[in-house]
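Asks: Please read through the structure below; I'll follow up with questions.
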Amino acid sequence: MMDPCSVGVQLRTTNECHKTYYTRHTGFKTLQELSSNDMLLLQLRTGMTLSGNNTICFHHVKIYIDRFEDLQKSCCDPFNIHKKLAKKNLHVIDLDDATFLSAKFGRQLVPGWKLCPKCTQIINGSVDVDTEDRQKRKPESDGRTAKALRSLQFTNPGRQTEFAPETGKREKRRLTKNATAGSDRQVIPAKSKVYDSQGLLIFSGMDLCDCLDEDCLGCFYACPACGSTKCGAECRCDRKWLYEQIEIEGGEIIHNKHAG
């Protein structure tokens, strides 16, 4: 069994080290093997104090560097305005925007997080006077951008996996179990398991995220029981029910094709 990487140890998620969700290979890199840009992104996205001798496993490279943006499925909601997850028409916060907006609003925005049109409009309305000033940042060299970012005192944003499954964005999802009384869907018998011990649907073997998007790689905080980012309010392993539908920002209803 391989030892956990330094990132897993510091973030107290050693159970996730060397997983093969997003890569077929297992192993380590030392942080000095990363580019300066990747090391900076890792530092900002984890809130960790890093040194070149620290190690990162291939799984955490995927989570925090290679696929971090893809794994952000909803608006980061910096102003606490959303009652439901906003998942449409998102745009990524880049390094320059993270620097500028964090300083402007006095709250941490991490490169790779995403904003919805509503939050973008709030930001644009708040910083209109400084638009010219903001544009001047774009031509800056990577070195100056990195220096500016390093000068900011970021606190640990908290990994998505550090939160309890009932808190934060997860509680904003309105999920309907197919076992709900009066449901027009098939009711799963109380003693019948819908998911196997690995969290896969027994009848199809599918690794379906509780957001019901069949292409989703996982958009929830990691499950404290199994570590998967595809579990909603309760771990899918050996679960006896599944979600019939969810409602997302804008009132759109997504139905579970596998519930009937």
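Cβ from N, Cα, C; glycine included.
Annotations for this protein, taken from Swiss-Prot, read as follows:
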CROSSLNK  Lys177  SUMO2 cross-link
MOD_RES   Met1  N-acetylmethionine
MOD_RES   Ser183  phosphoserine
REGION    160-182  region 'Disordered'
Asks: Run through the Cβ atoms and count how many others sit within 10 Å of the one on the residue listed as 'N-acetylmethionine'.
Replies: 4
Asks: Hey, does DSSP put Met1 (N-acetylmethionine) in a helix, a strand, or just coil?
Replies: coil
